[in-house]
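Trainee: Sharing a structure with you now.
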Ligand code: CAA
Ligand code: FAD
């Protein structure tokens with residue numbers, strides 16, 4: 001009977017992976033998280049630890065030198081890194097975001113050339129869709145790519161690009177035919193070393209401060225036409241199809257941040273004494289902890305379910321509700337992370353409001369998960385369109 005039930009809970013191997021990543025994150029990433037937040041420096045030590053343990057881009061298929069981990073394993077890696085340091089979790093998450101366009105639509109030549117250095121830990125990838133005037137309405141982008149012989153010449157500026165400046169490679173969406181709207185957008189791989197590529201200053205942010213967010217400025221950047229990802233005019237579809245897989249990784253980041261805050265709050269309320277007893281003895285505190293854990297587990301189940309669907313889609317199965325479920329888990333997990341981290345600050349009282357304790361950082365870090373890879377209003381646009389079409 002059990003064989004007829006397609007299980008979507010993690011296997012023993014997934015749980016072993018979780019323990020491995022948690023041990024690594026506790027030992028090598030968590031100790032630097034407060035300093036990364038304070039200095040807003042890129043978490044190089046975390047990056048190096050992830051690379052040494054082959055955890056920086058686990059999703060890269062074995063055919064391109066990667067670990068070939070499935071989407072659920074990738075979620076678990078991101079979740080466990082985010083539990084320690086949200087900024088560091090954007091290393092595996094954005095390495096996936098930048099490369100899914102190639103995995104979905106790229107030529108064999110592009111995959112071989114660009115995925116192998118990432119798998120070896122010699123390069124990172126970023127994803128450049130947004131512009132200053134084209135965020136939620138991503139199809140209104142202005143960055144142009146004009147064909148010139150065997151090349152394309154790119155001009156424009158992509159805004160808010162995570163890990164910009166650190167990444168060697170960028171999947172850039174640009175307009176190849178302004179008359180065609182979304183169908184006139186194409187995707188390209190741009191290298192940091194391409195002449196004409198530069199970066200804006202680091203944005204000064206509320207959270208995820210160790211993850212650099214910068215403009216990618218393209219001035220007469222000439223690249224061979226072979227660097228186009230998929231056919232001309234398919235870049236916007238590839239960009240959105242990518243998000244169907246990677247909104248799940250933002251859900252994973254949100255789960256990890258929330259778990260970190262919940263774990264810390266549980267430890268604290270058992271130690272902190274008021275009225276002659278641990279504050280954990282008060283039912284008002286107990287009910288908050290119960291609600292936090294309940295919401296987190298609900299969001300986790302939806303996210304893991306979405307990850308399984310993502311993996312099946314990557315293996316070639318048609319999953320009609322992938323767009324809905326990836327939006328749903330990102331929206332739910334990020335809203336839950338905001339609630340849980342806010343409650344964690346509450347449970348630490350005045351101490352929670354200070355930088356001497358990690359939960360205020362987690363609350364600031366959680367906020368971005370409601371905004372990027374599409375704001376949670378846009379997730380509701382995506383979900384309702386799927387339901388009403
Ligand atoms: N997969 C494949 N194709 C899709 C698709 C999907 N999930 N969703 C839509 N499409 C297709 C449509 O079918 C349509 O093609 P046809 O005309 O041939 O049917 C085309 O793409 C355009 O779709 P829409 O008409 O629905 O496009 P729209 O302009 O109305 O925009 C939107 C839709 C949902 C609002 C979209 O613009 C969106 O998701 N906006 C949010 C942007 C976003 O998420 N940015 C994330 C940036 S990355 C980031 O933030 C990084 C980070 O976190 C670290
Ligand atoms: P706007 O689109 O201007 O939205 C403003 C408000 O209006 C929001 O509340 C929004 O929800 C609401 N709104 C807009 N349209 C609608 C609608 N139709 N219905 C209801 N409400 C609506 N982008 C990348 O391409 N690559 C990256 O690596 C990347 N990393 C990022 C990292 C950070 C730290 C940040 C802050 C952003 C990043 N982004 C990245 C961009 C991110 O995806 C956008 O900020 C996001 O999609 C929202 O766009 P916007 O900021 O222009 O907001």
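The backbone N, Cα and C atoms fix where each Cβ goes, glycine too.
Here TrEMBL flags 11-122 as domain 'Acyl-CoA dehydrogenase/oxidase N-terminal'. The domain 'Acyl-CoA oxidase/dehydrogenase middle' annotation in TrEMBL covers 127-221. What TrEMBL records for 233-388 is domain 'Acyl-CoA dehydrogenase/oxidase C-terminal'.
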Trainee: Per DSSP, what is the helix/strand/coil residue tally across the domain 'Acyl-CoA dehydrogenase/oxidase N-terminal' (11-122)?
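Mentor: Within the domain 'Acyl-CoA dehydrogenase/oxidase N-terminal' (11-122) the tally stands at 86 helix, 0 strand, 26 coil.
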Trainee: How do the residues of the domain 'Acyl-CoA oxidase/dehydrogenase middle' (127-221) split into helix, strand and coil according to DSSP?
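Mentor: Its residues divide into 10 helix, 47 strand, 38 coil.
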